[in-house]
Amino acid sequence: MKKTLATIVMAGAMVFGLNAQEIGNDELTQIRGSFSHSRDDMARMNAISGNYDLRKLAVNRERQGKTDHFFKYRVKVSGITDQQQSGRCWMFTSMNVLRPSVMEKFNISGFDFSHNYCYFWDLFEKSNLFLENVIRTAERDIILDRDVAWFFQNPVNDGGVWNSFLNIAEKYGVVPASAMPETAHSNRTSYLTSFLNEYLRKEGYALREMISDGASEKKTRKYKLQAMKGVYRMLVLFLGEPPVEFTWRYETENGEIKTLTSTPADFYRSIVPADYGSDSYIMVMHDPTRPYYQVYEIDNYRNTYEGVNWKYLNLPLDEIKASAMASIKAGEALYASCDISLYYKSDEGIADMDIYDFGSLMGMDFEIHDKAARIMTRQSGSAHAMTLIAVDTDENDRPVKWQFENSWGPDAGHNGYYTFTDEWFDEYMFRMVIRKDYLSGKAVEALSGEADMLPAWDYMF
């Protein structure tokens with residue numbers, strides 16, 4: 001069997017005109033000899049091997065002081081939030097977009113939502129969706145079926161996108177921070193998600209076994225309800241119990257102390273525009289690996305059973321920038337998501353393609369310079385959501401730099417904000433949520449087309 005498999009692999013390699021081969025002594029001699037041991041290379045080896053944070057060695061001094069934090073167009077915002085050690089950036093960003101309108105509505109200088117409240121219901125609903133998916137696919141193989149394997153690989157996590165917030169807010173509403181404050185486990189979520197995932201895998205496996213043994217629908221549903229009671233219990237223990245009604249006291253800019261009693265759902269409806277939702281807003285994506293002006297939907301990427309999947313319109317960069325500028329000029333901040341893993345200097349709050357020169361430091365070109373290639377090889381992808389609040393332009397009103405409001409606290413970046421160049425935007429910006437009014441006619445027309453369905457394990461996600 002081993003011989004047959006090896007023969008197949010070698011034959012497969014020869015189809016492409018190449019014979020598979022191991023690293024032999026001749027090749028190894030050539031490879032070892034390629035390191036020159038020159039003074040330059042020895043200096044590089046000594047510097048790099050002795051310093052963990054290579055960014056300190058790779059700072060491009062010629063770029064220092066070249067990017068400021070002044071902007072021609074900027075949405076009025078106030079206060080910086082902190083997601084702590086959690087993956088809730090999408091939730092913080094979705095709420096940060098709404099905070100300016102809340103402050104204006106109540107005439108207050110600062111405001112924050114309870115992220116813990118939304119996090120509770122997000123995990124609760126994700127748990128329900130997982131169990132429903134288990135029941136729906138109970139007849140399939142738990143190892144060989146890719147959907148089933150995907151469900152059990154990660155039943156719930158902190159992640160999400162704007163539509164995830166929308167699903168929760170429209171069903172459960174939102175509350176001020178004081179109505180359900182953060183806990184140790186909303187700020188640092190690893191223990192909670194670890195315990196919850198094990199519990200869900202246990203109950204999910206039990207449901208599969210029950211169905212395989214011929215359990216009735218009534219018995220299956222009864223068991224699933226008990227499982228959800230366990231989910232609720234665990235979430236209450238870690239996060240506290242979400243309020244059905246709350247009383248919020250606040251001080252206006254005029255010094256008046258006021259009191260508001262409301263339900264979470266009523267409060268949410270009172271603070272968002274009447275048309276706020278998927279009918280008036282759309283997520284746009286810059287994915288150069290796929291056709292532009294096409295709508296895509298990610299299968300089963302949602303957090304409530306009845307909610308909407310993640311859906312987006314793929315657009316070229318110039319379209320996205322024009323729409324983002326129109327939104328900012330109108331005073332409306334945007335949910336945005338990017339890859340902020342490399343070319344940003346946290347202590348200065350600057351993201352710039354030339355802020356670091358790793359190539360000169362290593363004396364080699366190791367980077368993938370094409371955005372599409374980075375995406376398809378999974379080197380780059382959208383990993384962090386922030387609020388886009390500002391754009392600066394040249395004398396022809398073309399963008400030269402932009403600014404994020406981040407959710408890593410006021411000590412990160414430039415007082416909690418990150419300024420990034422337009423060139424960095426091109427390479428590492430991926431998606432935004434934009435009011436449809438700010439899209440071009442061609443983009444709006446594309447929204448009426450049928451969405452292409454993508455699997456949850458697609459390389460873009």
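Just so it is clear, glycine is given a Cβ too, placed from its N, Cα and C backbone atoms.
Among the features that TrEMBL reports, active site is placed at C89 (among others). C89 (active site) falls within a helical segment according to DSSP.
Sequence-distant neighbours of H384 (active site) (same chain, 6+ apart, CB under 8 A from its CB) are C89, S337, C338, D339, I340. Secondary structure at H384 (active site), taken from DSSP and collapsed to helix, strand or coil, is strand. Marked as active site by TrEMBL: H384 (among others).
For N406 (among others), the entry in TrEMBL reads active site. A simple way to gauge crowding: the CB of N406 (active site) has 28 other CB atoms within 10 angstroms, across all the protein chains here. Annotation note: N406 (active site) sits in a coil segment as assigned by DSSP.
The annotation signal peptide is assigned in TrEMBL to 1-20.
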